[in-house]
């Protein structure tokens, strides 16, 4: 019999969770940050969902959040017309970067020295975090609000997705547009994988995979419902997606076959991401929760306990899945 997927539910947010990101693997494990319309981004231990702290200071909905590779810094993008940089060890605000409109996206370079932002004023901005008095470099070209902006190609190029139904590739040095992808509908999400230079894009019911350097299409997969976010497993065996029907879907990357689907939340799924070790994926929803899901159901990992098949009984759910933490921030 197939084992039942039992997620760990992370409570604490009071409004929809709209973005999430994992750090890299550090000597202390890996970490997870969530952006929420309650204006209070939260940091958690990535493998258990245990709440570590809340970053306090924004005066509006937080639309984007990210951690640098070693999880020493966090950055957030908000409706209060600021992007903020935080010390994620102490929780202190390090820097507040004023913008002219709502900020939607934040991304660190690999060395954590630069921060890329994008938002409703249609401009990409690059801040030098070692020289905070300097004005940011600005890149114009999009004709509508920018949803997501990411570094790629060893931070030599930038990818941006906007409400003008385009994804654009930019050269960081010249700040010129290298290539543009145009879609029939607005792109709902974009994920970049440095290993293999793969770009994962969602729009409508479509999940599309592109080469991030050439923007050549690799493949597309149609889901049963409109999709808001998708994430490719680090080993590229499969990918997960979530969207408007409250469900989470898992597909085989090679064959495009749907492997699993289950009701993931009590509202639309806004964001989904694999952990850096690929052992779990996290989802964030309109219902205000984050949930952590096992990649290999039944494996002993984090707060999940393995159970041998002969131990499976009618009343096995508590024993089999360990605790489901209701984490109150």
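Numbers here mean position along the shown chain, with the first residue as 1.
The backbone N, Cα and C atoms fix where each Cβ goes, and this holds for glycine too.
Going by TrEMBL, these are the annotated features:
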- 55-96: repeat 'WD' (REPEAT)
- 96-137: repeat 'WD' (REPEAT)
- 139-180: repeat 'WD' (REPEAT)
- 262-294: repeat 'WD' (REPEAT)
Which bits of the chain, at least 6 residues beyond where the repeat 'WD' (96-137) starts or stops, bring a Cβ under 8 A of a Cβ in it?
57, 60, 63-70, 72-73, 75-79, 81-85, 143-151, 154-155, 158, 160, 162, 170, 172, 175
For the repeat 'WD' (55-96), jot down how many residues DSSP puts in helix, in strand and in coil.
0 helix, 22 strand, 20 coil
Would you mind splitting the repeat 'WD' (262-294) into helix, strand and coil residue counts from DSSP?
0 helix, 19 strand, 14 coil
